[in-house]
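Asker: Let me begin by handing over the structure; questions about it come next.
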Number of protein chains: 6
Amino acid sequence: MTREDGRTPDQLRPITITRNWLDHAQGSCLVEFGRTRVLCAASASEGVPRWRKGSGLGWVTAEYAMLPQATHERSPRESVKGKVGGRTHEISRLVGRSLRAVIDYGALGENTIALDCDVLQADGGTRTAAITGAYVALADAVAHLGRAGALTGDALTGSVAAVSVGIIDGTPMLDLPYVEDVRAETDMNVVMTGDGRFVEVQGTAEGAPFDKGELDALLELAGKGCADLTALQREALAR
Amino acid sequence: MTREDGRTPDQLRPITITRNWLDHAQGSCLVEFGRTRVLCAASASEGVPRWRKGSGLGWVTAEYAMLPQATHERSPRESVKGKVGGRTHEISRLVGRSLRAVIDYGALGENTIALDCDVLQADGGTRTAAITGAYVALADAVAHLGRAGALTGDALTGSVAAVSVGIIDGTPMLDLPYVEDVRAETDMNVVMTGDGRFVEVQGTAEGAPFDKGELDALLELAGKGCADLTALQREALAR
Amino acid sequence: MTREDGRTPDQLRPITITRNWLDHAQGSCLVEFGRTRVLCAASASEGVPRWRKGSGLGWVTAEYAMLPQATHERSPRESVKGKVGGRTHEISRLVGRSLRAVIDYGALGENTIALDCDVLQADGGTRTAAITGAYVALADAVAHLGRAGALTGDALTGSVAAVSVGIIDGTPMLDLPYVEDVRAETDMNVVMTGDGRFVEVQGTAEGAPFDKGELDALLELAGKGCADLTALQREALAR
Amino acid sequence: MTREDGRTPDQLRPITITRNWLDHAQGSCLVEFGRTRVLCAASASEGVPRWRKGSGLGWVTAEYAMLPQATHERSPRESVKGKVGGRTHEISRLVGRSLRAVIDYGALGENTIALDCDVLQADGGTRTAAITGAYVALADAVAHLGRAGALTGDALTGSVAAVSVGIIDGTPMLDLPYVEDVRAETDMNVVMTGDGRFVEVQGTAEGAPFDKGELDALLELAGKGCADLTALQREALAR
Amino acid sequence: MTREDGRTPDQLRPITITRNWLDHAQGSCLVEFGRTRVLCAASASEGVPRWRKGSGLGWVTAEYAMLPQATHERSPRESVKGKVGGRTHEISRLVGRSLRAVIDYGALGENTIALDCDVLQADGGTRTAAITGAYVALADAVAHLGRAGALTGDALTGSVAAVSVGIIDGTPMLDLPYVEDVRAETDMNVVMTGDGRFVEVQGTAEGAPFDKGELDALLELAGKGCADLTALQREALAR
Amino acid sequence: MTREDGRTPDQLRPITITRNWLDHAQGSCLVEFGRTRVLCAASASEGVPRWRKGSGLGWVTAEYAMLPQATHERSPRESVKGKVGGRTHEISRLVGRSLRAVIDYGALGENTIALDCDVLQADGGTRTAAITGAYVALADAVAHLGRAGALTGDALTGSVAAVSVGIIDGTPMLDLPYVEDVRAETDMNVVMTGDGRFVEVQGTAEGAPFDKGELDALLELAGKGCADLTALQREALAR
């Protein structure tokens, strides 16, 4: 079974992580999963949102968005429409939750890290690329705070990476580009820590409902993909 | 191990489904999971959204919302704030996807069913109660269309129910009320068909990341809960 | 002259006031005028809006809204449209003014009571049902503040009830359901105190302008209706 | 009993109606009630809103607004706030209803007249000045349509004028400026036809509830005021 | 070469500046450039925006808007649309920048002057009329602050006036009304100080791009126009 | 006189134009003026806005926006704020007008080209970089339409480029980065055609008003800069 782009079912697309793509943000990278291209930036600032003031705890928040010409057909700008769409909201919340899973709020102290994941080009898997890239930007922003003496301990308790998996014509496949994504019967996004545990599992029956066996096969594939991504993140951060 | 409200870990809260709670909607019910109370209504209308016109296929859409005084502290109205929040968007999309999983668009023809799930009182598990109740309203709206001769076949391909599960102090538990929900390390919402397959699996590590064993235990518990809910739905629709 | 539903012109529809329908609000009731069903809730909180701080005076505010499937044809959600409509605004303001007429701000102290009137089902007279029910919720919220020692006197200076009246085929009639409301030449909403004085009189010529004689006849009918509603409120609060 | 500005209780402020204040609108006037100054314009256009198409009936709609510096303290612009306030909505609806009371939709044919009432300076009674001036603009726009051969009969069935009345220190008074308005115990806006019948009666107990005797006294005073305004409208239109 | 309205190419339309057109604002005028009519108001208040607090410096801000019936075809209200349009934004910013060019923030102290320029009737050149009139309102508001002892020096460092110029059929012309404006190949708005220096130069090629010779000719014409307007402003302020 | 970054007053920053940076858009480039980095994309689609239908003429529209982390301090997203800011509106309009100056609408036929200029990193001159890059994207999109046989002639009548100039400490300088921009007494953005004529001239006195001599010096400098940029555009399009 070969795929349109020549990959085996359990193979990632070519992954590139270009660190420090921006000059102003405390951490940033341009992450590429094949033709999917997401600019991830992390800005660290003193203080926390009002509801958290005086707690001694930090906060991490995330916003995901897509440029109008990232997609095949130009899509209207959310700023011009005057509201954030449901899909954008949903993914922003997912990115935020995923990254917060590896943050020690106490060690972070009353500082906030804002993650921005802007999709410059979309070809499937934008939310998982965003999470994978955001981790790299986050790690750099945390390191920046550490060098500035703003932390009281190790604020990063682990690493986090994400990948999409799906069943196409009965075969579980890793890291779906757009052409595969629209054909998938079941679609799953899996966020995992560097030590192989789950942070988020979001499986959706796009066509027919799926059973436990299919779920298990997808999770195993995702486990392999996240392990590969974890190695690439580590490499990028070591440079 | 007993719970604050006396239930065993694998026991649902008292569930009530009061069908036809409204006079105007083509299908409706007030569904109660303990003190969580959601008014579900389905209105069927001729025609489909513009992007689906001429396809011969129907559509099902859903909106979830919460009354300001449903929660412990009154929360501001989204209409007054002028925008729908991220959580509302995310749940509305989940409810819509879940119900569409049991719809045969061709048999539905160019008709739209709009589901409204309004939380009158919230005590945990509002999204899963909404899905469980929305199915009952949907079934009645489909039957209404059938009686009106608007369908070209059986538009409902199965039933759908949902429940929340979570791990509290290391124990997997079924159907969490608010007091348990805030304490859960891992929280999962599972949507299943009446024949025991998965429609949506959404697991989130609120505290520590979780492993495959924990995931499996939660899915098994959810399977039992959804089976119980399916029986209650069937009973309500038989009345 | 008998009406479609068998009532005499000066007879109310069956009225039900189910107190404490909600668990979290400090006062609440489900009020029913025939098939019109409004959930009224009052939440009391410390503090007042910014423009009133330091005055020693309290505040009462109200919001009225309608669920999308309350009406015959589903109406779009104001939160999704991103703005509150003119009718909603107008009625919210009317409910607030009406209830404030029986509040002693000084005795209330710097506390705010927020009233929410959500129409679950609409069959004419939703605004008058909302006012009538909101008074019961308000009375319970004031009593709650009293028991908590937050008042410096009797914050409630009287009771308030409201009813719609209209002229149909030349006959003045009390408490119009939807089918009568659309046929009324003149439509009036009257808000009165328990001792029979006027708080609000809003008369509108829907068809032909009306004269003083017609106005007087309508006001007399409204006086009778409000007296009946006052008795029912008292009964509900005595339970 | 004399008033601060030297008037007797049943006397209007100096009223000025400057017709055709604008060049583009089909009807317009600058109406002044003392220092209250409202620019009223009527634009006639072919066609009706979507929900009225094919009915053969016309439509009249109105929008009321206030310039930021019309009031003592500058008030923020609603366009900048991004939403129309409740008071604005309420008054726009009142103006529209009031003018529609003297329109024969069939004679108007499928044409729409849009009324704009912009308060340039506010000193009490802006909504009643708006209605009084809007009638003059409307009459000119109807005449314009008539000359253009767009009407099938007399689209204007009468005239309409409006005035505020209130009780101050126990005395009913006509046409309240701001300084009196804030002191009024009861405040009423009355819209009447040229032949002395009621189109709208909106009475509000600002301080204490009012009784039937007070209501009658206020209505009588309003009747006199509206008759005077009707004469002034006729005079302006005769010029 | 004579123009449709009989003017020579370098002649302004009849200009009228009616000072103190409003009673509440600290400065105001109705400015007319032919049939273009703009109500300019300046309100002075203590305090500055948050980002300027503690600086000891004042602030001047401006908002430009157009009444719906100012134009030939009624244009929808921005408050009703729920957003300020691009053109409105652009002109508001231009008016603010232009007036701030003659303000000494230190002498103004921590006071804010808000300028509102509302176009009551539009016939070309509304933005330049707005700036010209706003200066008169600003001067009165500054004088008001001076009399109130709120200034620490001369807050007004000069005067400012503005005019539009354009090339029509190859001829540079001053102060274009609407009929000329739509025909202009090049359109320029020029804001100048009373002593003949430039504050803003905004030239736009509506038809063909323009060269340096045309630019110079337009600037010279604008210089003459602004000098004439400066004299009229001085006269108005001397009254 | 040397500048902080070593340039002479009449020297551009290093300019890079990376064509076809995106896969989906019909034309695109990443344009860099020093550290300012703007992603420009042009999408061509059949049809024109409603107000232009049936005219046989095409349309070109533009939107400019800035990513939140493009600036030194992260700025909030306009989609989240729910409205487009004045600066964004103003620049979007400028970009659209500038590119339309070299379009022959008739030759374009009823097709629309939408330009998106998204600032990925900001260091002064973002609007002029946007125009310069947008021209390259536009040229490619027009060529694409030409190859598809959708044009009836040469839709592009010339080229367009833009640059900022300003006076710093009395010296006119070309292409200001952020550190110079904030210090400039006068700031001017100039848009020119490839044959050296003006499309837009926008000069603003940030500090003191400027005279004709300063204006002339700035325009000459801009002329040189635009000529250099025109050469770079031609080179990029020749590759």
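Backbone N, Cα and C define each Cβ position, glycine as well.
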Asker: Which residue of F:ARG87, F:ARG100, F:ARG147 does TrEMBL report at the same phosphate site as F:GLY125, F:THR126, F:ARG127?
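Answerer: Given F:GLY125, F:THR126, F:ARG127 bind phosphate in TrEMBL, the matching entry from F:ARG87, F:ARG100, F:ARG147 is F:ARG87.
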Asker: Indicate whether F:GLY125 (phosphate binding site) is helix, strand or coil by DSSP.
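Answerer: Note: F:GLY125 (phosphate binding site) is coil by DSSP, not helix or strand.
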Asker: How many angstrom lie between the most widely spaced Cα atoms of the phosphate binders F:ARG87, F:GLY125, F:THR126, F:ARG127?
Answerer: 13
Asker: Please list, in sequence order, every residue of the chain apart from F:ARG87, F:GLY125, F:THR126, F:ARG127 whose Cβ lies within 8 Å of the Cβ centroid of the phosphate site.
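Answerer: Sorted by sequence, the hits are F:TYR64, F:ILE91, F:VAL119, F:ALA122, F:GLY124, F:THR128, F:ALA129, F:ALA130, F:ASN189.
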Asker: Kindly state the mean pLDDT of the domain 'Exoribonuclease phosphorolytic' (F:11-141) in the predicted structure.
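Answerer: Computed over the domain 'Exoribonuclease phosphorolytic' (F:11-141), the mean pLDDT is 97 on the 0 to 100 scale.
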Asker: I need the least crowded one of these binding-site residues (F:ARG87, F:ARG127), counting other C-beta atoms within 10 angstroms of each C-beta.
Answerer: F:ARG87
Asker: Using a 10 Å cut-off, grab the number of neighbouring Cβ atoms around the Cβ of F:GLY125 (phosphate binding site), all chains included.
Answerer: 27
Asker: Give me the non-local Cβ neighbours of F:THR126 (phosphate binding site): same chain, 6+ apart in sequence, Cβ-Cβ under 8 Å, ordered along the sequence.
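Answerer: Expected: F:THR36, F:VAL38, F:TYR64, F:MET66, F:ILE91, F:VAL119.
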